[in-house]
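In what follows, a single structure is set out as structure tokens and then discussed.
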């Protein structure tokens, strides 16, 4: 069985408060895009994990795909399998690739073992793997709050836009990004209101709070965002806590010059 776990971007990100448990409350919009990993599982005599594509610097046991397998194996009689994950979604780029892999793994295992898990059951298991993992079960635009784990579906159609995605060799861990974040207590417009403005009104309104702290540390990320605007982007932003940057362009978009980015669509 094979699946294509897709990435997501954040449209805006407000850090609302620092929590007593060390986490932060946030507000953001998750939106799925068509940049995908490839995940395949087949029955085998012994469980084995094979990874290709973008290198992953973690133990196999720490990979979210393996954690998804072990989680369901505690509750169901799963077969031994060979897992092949080809990573195309950059790691530490704010695109949710690992979370997507884990959620799609739950889908595949449910189908392979005829578990017939409902959407709600899949979401409950995904929640145990990561705060944003349940998003990839329904894979539709949502307003996310809490620690990025409380979702409200929203109507958002961006299919008439191309998304230009720029990834870098900079790896920004989520914990690193939150270390220096300054929580703003200034009243501001809700993301759920801003998102319904015309896209050409988003610039300087739809803000990612991490940019203020990340850009001085990694000025090349700021330069990428500006270059996307120079190329004619209607809106550009860093995704999540970085380091990827995206720009929205009206279709059909044809890149100017030699600026290096990939073109994607919204799902």
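Numbering starts at 1 and runs along the chain as displayed.
Including glycine, each Cβ sits where the backbone N, Cα and C put it.
Taken from Swiss-Prot, the feature active site applies to 8 (among others), supported by sequence analysis. The Cβ of residue 8 (active site) has 27 other Cβ atoms within 10 Å, all protein chains considered.
For residue 90 (ATP binding site), the same-chain residues that are 6 or more apart in sequence and have a Cβ closer than 8 Å to its Cβ are 54, 97, 167, 244. Per Swiss-Prot, ATP binding site is recorded for 90, 91, 92, 93, 94, 95, 96, 97, 98, 99, 100.
Annotated active site per Swiss-Prot: 132 (among others), in sequence order. For residue 132 (active site), applying a Cβ distance below 8 Å and a minimum sequence separation of six or more within one chain yields 8, 30, 96, 99, 144, 148, 149. When secondary structure is read from DSSP and collapsed to three states, residue 132 (active site) falls in the coil class.
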Please list, in sequence order, every residue of the chain apart from 90, 91, 92, 93, 94, 95, 96, 97, 98, 99, 100 whose Cβ lies within 8 Å of the Cβ centroid of the ATP site.
7, 89
Of the binding-site residues listed (96, 98), the greatest number of other CB atoms within 10 A surrounds the CB of 96
Looking only at 92, 94, which of these binding-site residues has the biggest number of Cβ atoms within 10 Å around its Cβ?
94
